[in-house]
Amino acid sequence: MMLALRMALRELRGGLSGLRLLAVCLVLGVAALAGVGSLSDAITTGISDRGQLILGGDIEIAMTQRSATPAERAAFAKTGAVSEVLRLRGMAGKGADSTIAEVKAVDAAYPLYGNFAIQGGVPLAPGSVAVAPALADRLALKAGDTLTLGNRAFRVAGTIADEPDRAGEGLGFGPALILRLDDLAATGLLEPGSLYRANYRIRLPDGQATAPVIKTLESAFPDAGWRVQDRSDGAPGARRFIERLGQFLTLVGLTALVVAGVGVGNGVASYLDSKSNTIATLKSIGAESALIFRSYLFQIGLVALVSVVIGAAIGALVPWAVVQLAADAMPVPPVLRLYAAPLLSGAAYGMLIAVAFALWPLAQATAMPAAKLFRDAVEVRNVPVFSVIGIIAIAIVIIIALAVGQANDRLFALGFVGAATVLLGLLTALAAGIRALAARAPRPKTPLARLALGNLHRPGALTRQLVVALGLGLTLFATLSVIETNLSGQINKSLPDRAPSFFVLDIPSDRIDEFRAIVAKNAPGAALRTVPSLRGPVTAVNGVPVSSMKNIPDDAWILRGDRGLSYAAVLPADNKLVAGKWWPANYAGPPLISLDEAAATALGLKVGDTLTVSVLGVEIPAKIASLRAIDWGTLGFNFAILFAPGTLENAPHTWMATVAATPVHERALSAAITSAYPTASLVRVRDVLGQVGELLGQMSVAIRAAASVTVAAGIAVLIGALAASRRARTYDAVLLKVLGATRGQIIRATLIEYGALAAIVALLALALGSLAGWFVVVNVLKLSWAPSWPPVIATVLVGGLVTVLLGLAGSWRALAARPSEVLRTL
């Protein structure tokens, strides 16, 4: 063992030129994995460490469409300091201009943690408001201006400089506006039935645990219908989003590492091919194959270990780099420090990939007969022994187990790994088919074309490496491009064409007929739909309290936060009944609900089961009468939970409306609604779609960056394949020169060969990427199939062009070889 190590170290002193490709591939793949994991951990740690700031307290108790009763408020006060925050929507206006704003009314105790600051350090005085910079820009506001909110005018104190709990409040329809709680009543926004959320934040004495306090409060008010959250998870929505995006990017990075693994195999094969004379010489003087195997295994292992360490170090720096480049896009400031878990995970993947892809060519090379020394141009490649194949198989199994075991959504991870494996096998089979087809195809009459066709199937051809490695990378990139362009097209074109012009919220129930008349007068022919609106959380499933459910499925979004509620006598037009029966229009009986089919599937619910919903603090158990398939893509009002008539009509509530008007009527209609209903909220659909498009663009940058690593790994594989075949290429070029071929003719033959390969890879990537993208868009996202083909085609064309250019660059060195020098080695 020590002899093999000494031999390895002695040979490594001569330089690492032969193992550079191995190092580059591993550094690239490990850096991607470690970087994604480190950034994800940095953000989730930021959410965890800032739990009190983000939540606004140690405990938050949320209520919908009601405030705490005196008894509840007294119970809260016994546990610690209490701050009351109300959140709702309202129309903020300056002169004739108005826009929807996310209104936040705070009491004198706000914030319990952190500091609330207005630009310039001015206080939030009575009769004043602080506005988000986006709202100030939209309405051209500055400190001292007058802004109307509902029925009252306010003085603008300035823009919000610091809002410590902003990250925990999620996305809204508009920018934030903050005012004093005492001033809210004068706006008229807080009427019976208005949609608002009351949050009571509690600051406990230092060191006190949250669980006993929560248990005591819930025991004292078992039917209150609260949503209770503690400091351990201040922003669960942001955390889940980061975890899911991080998981997806990790799997994309693992795909890149697998592609890089093909490059590792090619790099090792090229290196050992350059050492064939050394291996043969060692064998001819009595060295055993096992000794030679261990010696080169040490060399490859040492280089792999150093490469993995470098890759992990680069990955560890990714959070620092992202903060410098895109700090404003982060939901919370990441906690910048070293995270051992993603670094060790990336390093483990790197070493396992090195084992899985390097052992095969290593075993083949060390089994080479000594006669190789005397016939340099002849290759002997035997299948490795069973023990080597077994080790490779074990490494692959461990890689899959790690990928699935570390995932939050193991089913998704298993599906991703399975799809990548099937794609890898399909590309390998297609490469074999291309070689077989090239071997059996009629020979072209042109000598150069005949030579290029022969190069596709001759021994040592690069067909398999190129089709598999670049095909995998370009297919992934094409898939993402298809999905992204489809989503962008839906948001920018298809959805606006189908979506209404406005959403109108908080229409008083006693004025709904007046609202319909205003729409008919100001927008003749406009499509109008009005629905009653309430909100409330699901508090129990089949009698089991949600608070006591330990394993809530990720897809059970219906149990998180408040749900929009409504009642209907007839089935909505965009809904399709898939189970159960719809109730009669004049139904009058025990509470019944119709549930979204996807929500029911996530919870394993069926017709006849029960959900308990809290409405204005009253818990209503209701039996599931039917399940509906909902077309959410219409952007109309759809409710996951619809009540039958006879349950909610007498509860205080407001109405909502969608209005689809022609562009010429939109401005007049908007002004008329805002003037007649100053306490209602009007949402312009184009503004919402713009926000969604901006968010999608930010996500696309991250996903494309990860996918680019896969393409870069594919390029590295191409370089490795060219390096591995350099000696064979040199041998071919010399023979062609001896037979009278010119350099230009050989270059043209090479251009035809790589052009054909590039075209095949590009077409395969386009076809497979389109198929995968179609499956995701139609079956997973449930959207119509309408991708934009130019960017998708451009993606694969660039990949094909890179293939041709690198192929020509790799062949150029072979053309420079002198026949006399090469022929001496034959």
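Including glycine, each Cβ sits where the backbone N, Cα and C put it.
Residues annotated as domain 'MacB-like periplasmic core' in TrEMBL: 23-218. For 252-368, 706-816, the entry in TrEMBL reads domain 'ABC3 transporter permease C-terminal'. Residues or ranges marked as transmembrane segment by TrEMBL: 248-272, 293-318, 338-362, 383-405, 411-438, 466-483, 701-724, 751-777, 789-809.
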Same-chain residues at least 6 beyond the ends of the transmembrane segment (338-362) whose Cβ lies under 8 Å from its Cβ atoms: 22, 26, 29-31, 33-34, 36-38, 40-42, 45, 254, 257-258, 260-262, 264-265, 268-269, 272, 293, 296-297, 300-301, 304-305, 307-309, 311-312, 315-316, 384, 388, 391-392, 395-396, 398-399, 402, 406
Integer average pLDDT (0 to 100) for the domain 'MacB-like periplasmic core' (23-218): 87
Same-chain residue ranges lying at least 6 outside the transmembrane segment (293-318) that approach it to Cβ under 8 Å: 1, 4-5, 7-9, 11-12, 16, 19, 22-24, 26-39, 264, 268, 272, 275, 338-339, 342-343, 346-347, 350-351, 354, 358, 362-363, 365-366
Positions whose Cβ lies under 8 angstroms from the transmembrane segment (789-809), at least six residues beyond its ends: 466, 470, 473-474, 477-478, 481-482, 485, 711, 714-715, 718-719, 722, 747, 750-751, 753-755, 757-759, 761-763, 765-766, 769-770
Close approaches to the transmembrane segment (411-438) from elsewhere in its chain (Cβ under 8 angstroms; 6 or more beyond its ends): 247, 251, 255, 258, 400, 403-404, 453-454, 456-457, 461, 463-464, 466-468, 471-472, 475, 760, 764, 768, 772
Secondary structure tally of the domain 'ABC3 transporter permease C-terminal' (252-368) (DSSP, helix then strand then coil): 99 helix, 0 strand, 18 coil
